[in-house]
Amino acid sequence: MKLPIYLDYAATTPVDPRVAEKMMQCMTMDGIFGNPASRSHRYGWQAEEAVDIARNQIAELINADPREIVFTSGATESDNLAIKGVAHFYQKKGKHIITSKTEHKAVLDTCRQLEREGYEVTYLQPEANGLIPVAMIEAAMREDTLLVSIMQVNNEIGVIQDIDAIGELCRSRKIVFHVDAAQSAGKMPIDVQKTKVDLMSISAHKMYGPKGIGALYVSRKPRIRLEAAMHGGGHERGMRSGTLATHQIVGFGEAAAIAKTDMDSDNERIRRLRDKLWNGINHIEETYINGDMEQRHCGSLNVSFNFVEGESLMMALKDLAVSSGSACTSASLEPSYVLRALGLNDEMAHSSIRFSIGRFTTDEEIEHAIETITESIGNLREMSPLWEMFKDGIDLDSVQWAHH
C-alpha cells in the first residue's frame, strides 16, 4: 500500500494507463504529431482523424452530436466561454443571470465579472442539504433573464442537482441553461438529448484523462450562439481558436470511452468503498455529513468533525491525501463558502474534510483511512479544551468569551 493514500479524486484523478498509452502515440516523429488543421499532407489528415475519433467518443459519453463538442483548455475555460459567450451574444434579450451560491469559483467569478459589466446576477441560497428546489429558480426568473447556470454535482459536497427538471423549466421559458458537469461527466450517465441542457462544461482530468483539456457542449437544436473569447485561426467553428492539442484530445477521448464502458462497475465499487468509509467513522461522536445523502455522487463524502480544527486534522492525517474545501481555494484559511451557504457556522465549516474515492482506491486503503481518522480525532480532541467543556455538559454557545 502506497502512502499517502490518495482520497482527493474530486480535485484531480491520475491518468488511466490506457489513456497515457494512447497519448504517447500522438507526440513523437513516429506518431500522429501533425497539426489537425494542416489540410495539405498526411500528417495533418491523421491528426484530424484522431481528433474526430476523440470528438465522437466524448459526444457518445453524453449522447451529443460530435459537432456540438467544442474543445477548450478545461472546465474553467468552458464555464467562461459559456457564460460570457451567451451573456454578450444575447444581451439585447436581457442582462439577468441566475446561479447558486455553491457553484465552482469558475462560475461565480465569471458572474462577478459580468456584474462589473452591468449585468445583474441572482445567487440562490440552497437548502441545508445543498439542493436547490426548482421552484426557487422559477421564482427568481424575470422577463429579462437570459441564462441559468447550475452545476450537476457539487465539487465539495457531492450533491446532485435535478438538472432534468431545471432544464424543462428553462426550455419552457426560453432561457439558456448552462450546466457545469466537471464533477459528473464520466462518473454518472448524462443524456443531453433527454435533459434539456443548452451548454455543458466538461473536464478531462476529473475522469482519468489529462489536465489542460476540456470541452463545452453547445446545443445545435435549439441552436445556441456564443460570442468567442479566443480569436485566431477560426478553429472549433469560430468559437475557440487555437491549434488543437492532439495528444490531449486523444487522451480525453479515450478517457471518455473507458468511462462509458466502466461506469457501472466503477460506481458500484466506489459506492461500496464510500459506504465502508462512512460506516467506519460515523460512530465517532459529533460527526456530521454535509449535503444530502440520497442525492449524492457515489464517490464523495464531506464530513464535519466537531471540536476539531480542519487544518490540524489535515496535518494529523498525513497518511491521507484529503482536502478541506475545493482544491482551487484550499490554500486560503477561510471556511468553505459552500458549507457556509448550507448554513454551517464557521467552526463546523472549519472542521470539515472532503474525502473523494475513485477508480484506483482499494479496500485496504479505506481500512487504513478509518483507523487513521479514528485515532487522529481521538488525539486532537484530548488536547481540546472545548471538547472537555462540551463533555462536561457546558453549552458552548452560551459562554461569554473575554476579549483581551
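Keep in mind that glycine also has a Cβ here, set from the backbone N, Cα and C atoms.
In the three-state DSSP scheme, H205 (pyridoxal 5'-phosphate binding site) is classed as coil. The pyridoxal 5'-phosphate binding site feature in Swiss-Prot is assigned to A75, T76, N155, Q183, S203, A204, H205, T243; the stated evidence is sequence analysis.
Sequence-distant neighbours of K206 (N6-(pyridoxal phosphate)lysine): residues of the same chain at least 6 apart with a C-beta under 8 Å from its C-beta are A10, T12, T13, A75, A182, Q183, A185, G186, K187. Swiss-Prot lists K206 with the feature N6-(pyridoxal phosphate)lysine, giving sequence analysis as the kind of evidence.
The active site, cysteine persulfide intermediate feature in Swiss-Prot is assigned to C328; the stated evidence is sequence analysis.
What Swiss-Prot records for C328 is [2Fe-2S] cluster binding site, and it gives sequence analysis as the kind of evidence.
Here pyridoxal 5'-phosphate is bound by A75, T76, N155, Q183, S203, A204, H205, T243 per the record. The longest Cα to Cα distance in that group is 30 Å. Remark: H205 (pyridoxal 5'-phosphate binding site) has T12, T13, G74, K211, G212, I213 as non-local neighbours, by Cβ distance under 8 Å and separation of at least 6 in sequence. Cβ neighbour count for N155 (pyridoxal 5'-phosphate binding site): 26 (other Cβ atoms within 10 Å of its Cβ, all protein chains included).
Of all the Cβ atoms in the protein chains shown, 31 others lie within 10 Å of the Cβ of A204 (pyridoxal 5'-phosphate binding site).
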